[in-house]
Every structure is written in C-alpha cells, then in structure tokens.
Amino acid sequence: MSTYDQIEIEDMTFHPDSQMFTYPCPCGDRFQILLDDMFDGEAIAVCPSCSLMIDVIFEKEDLDEYYEEAGIAPPQPIAAAA
C-alpha cells in the first residue's frame, strides 16, 4: 500500500476532545487517525474525502503525553488466560 507522504506526529494537530490527530490533505479535508488506533500499532491516517493516506511517524512512548493531554489513561494490555 503506498502512501501520499510520511508525517511526524509532532506536525499533526491533536484534538483531546475526540482523541484524534489530523493533518491537512491536498483535497481540502484532513487526514485522520485515532489515538487508540495508534496505540494499537496503526500508523496510517486516512482522508475521509479522498483516497489519500499518510504514514504517521511516531514512537509508542510518544503517545503517553497525548493521553495525559486528553485526561485519560492509555489502554491496558489484556492478560491472556492461562
């Protein structure tokens, strides 16, 4: 899957109320990706108005500050049943 561009997480806008990162798309809309999806390993932000996607560059540890800004705790891993 090819992406339109690679964007650093610091260059995106974080919206604490929706826990979503956005970045301007050339079509006039915005690429979107949810904080929890990034925590789960997703790194592709999609524009809801066109077919473009961007690759978001981040380290999982970077997400802690955004959870703090949103006033929520990061998801806890689910323990496997023995």
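The backbone N, Cα and C atoms fix where each Cβ goes, glycine too.
Swiss-Prot lists C25, C27, C47, C50 with the feature Fe cation binding site, giving similarity to another entry as the kind of evidence. In sequence order, C47, S49, C50, L52 constitute the residues six or more apart from C27 (Fe cation binding site) in its chain with CB-CB distances below 8 Å.
Per Swiss-Prot, the feature domain 'DPH-type MB' maps to 3-59.
Summarising the environment of C50 (Fe cation binding site), the number of other Cβ atoms within 10 Å of its Cβ, over all protein chains shown, is 14. Under DSSP, residues within the domain 'DPH-type MB' (3-59) fall into helix, strand and coil as 8 helix, 25 strand, 24 coil.
Other Cβ atoms within 10 Å of the Cβ of C25 (Fe cation binding site), summed over all protein chains shown, number 21.
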